[in-house]
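Straight from Swiss-Prot, the features:
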- Arg8, Phe9, Ala10, Pro11, Ser12, Glu44, Tyr183, Arg201: L-glutamate binding site (BINDING)
- Cys100, Cys102, Tyr123, Cys127: Zn(2+) binding site (BINDING)
- Lys242: ATP binding site (BINDING)
- 11-21: motif ''HIGH' region' (MOTIF)
- 239-243: motif ''KMSKS' region' (MOTIF)
Amino acid sequence: MNPGYRGRFAPSPTGPLHFGSLVGALASWLDARAHGGVWLVRIEDLDGPRTVPGAADDILATLAHFGMTPDEPPVWQSTRDAAYTAALERLVAAGLVYPCGCTRKEIADSLRAAHERHTTLAYPGTCRTGLHGKPARAWRLRVPDGCDAVITFDDRWQHTQSQNLATEVGDFVLKRADGQWAYQLAVVVDDADAGITHVVRGADLLDSTARQIYLQRCLGVPTPEYLHVPVVVDANGEKLSKQTGATALERNDPLPALQAAAAHLGLANDGDLPGGTLDAFYAAATDAWARRFGPRAG
């Protein structure tokens, strides 16, 4: 095993594992195996209202039925509050974050329109100079201006990516108004603490990557290599998800779903990879992955 490679799969326990999630799990697993590395699972259960009781255990059981067992015990984000608090305190001490009293409506009104390509509203910096009499609701990370705001990185699938944090995103939230930790802070702290060297995930998270790289720099932690795979969409062109009615995987017959996932990843035509046993499928799929993304020499 190559201790220099550490990858992970990070599902949210909002329901059972479905085909869209399987594609992400398979891609991250194949990349780890092709590199002879360690594959981890992190349960991203910070969003309490959306977390379904028992879903995390169900996801782990499904992964096991599909032949994907993490090399170390899974980590739950809900147990990581102290680590997130320590990271925020470091940023506060460095003067890189500030409290924000703006509501989403106030931000929308000040902008008149949100940038369509982002899941959060771009922030105009209203509270950068103070709360102006409003109560603190959230904590935001101050992004730089000018050329320093442009974050460029090479994605192993999507190639060179660039984003201007100042004009396209604005100062972004690290701790939400409801007291919950924002995804960007949690994932950066978790990846750093786990020693993650390679992140393989869906392209729906591509827009988050520049923010995460900037936050990594602020915290002085390494930046992993990134690979964003195409997401699975439904008949309406929407991302396949639990919210759009994605159904649970059939545990008792994993090979058809695995072959379809490999086909989605461009590794083979649907059904071309060997059936019969999981071992035969994974051996062929890992070789096919390594031919594109390396190295698996010998």
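Cβ from N, Cα, C; glycine included.
Distribution of Swiss-Prot features across the structure.
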residue	record	CB count, 10 Å
Phe9	L-glutamate binding site	24
Ala10	L-glutamate binding site	23
Pro11	L-glutamate binding site	23
Ser12	L-glutamate binding site	21
Glu44	L-glutamate binding site	20
Cys102	Zn(2+) binding site	23
Tyr123	Zn(2+) binding site	21
Cys127	Zn(2+) binding site	20
Tyr183	L-glutamate binding site	22
Arg201	L-glutamate binding site	23
*Using Phe9 (L-glutamate binding site) as the reference point, find which of the binding-site residues Cys100, Cys102, Tyr123, Cys127 has the shortest Cα-to-Cα distance to it.*
Tyr123
*Pick out which of the binding-site residues Arg8, Cys100 has the most other Cβ atoms within 10 Å of its own Cβ.*
Arg8
*Check: same-chain CB within 8 A of L-glutamate site center, minus Arg8, Phe9, Ala10, Pro11, Ser12, Glu44, Tyr183, Arg201*: Gly24, Arg42, Ile43, Val187
*For the motif ''KMSKS' region' (239-243), would you mind checking the mean pLDDT of the predicted model?*
76
*Using the residues the record lists for L-glutamate (Arg8, Phe9, Ala10, Pro11, Ser12, Glu44, Tyr183, Arg201), what whole-number Å value is the largest Cα to Cα distance?*
16
*Restricting the comparison to the binding-site residues Ala10, Ser12, Glu44, Tyr183, Arg201, which residue's C-alpha is spatially nearest the C-alpha of Cys100 (Zn(2+) binding site)?*
Tyr183
*Can you see whether DSSP assigns Cys102 (Zn(2+) binding site) to helix, strand or coil?*
coil
*Given the binding-site residues Cys102, Tyr123, Cys127, state which is nearest to Pro11 (L-glutamate binding site) when distance is taken between Cα atoms.*
Tyr123
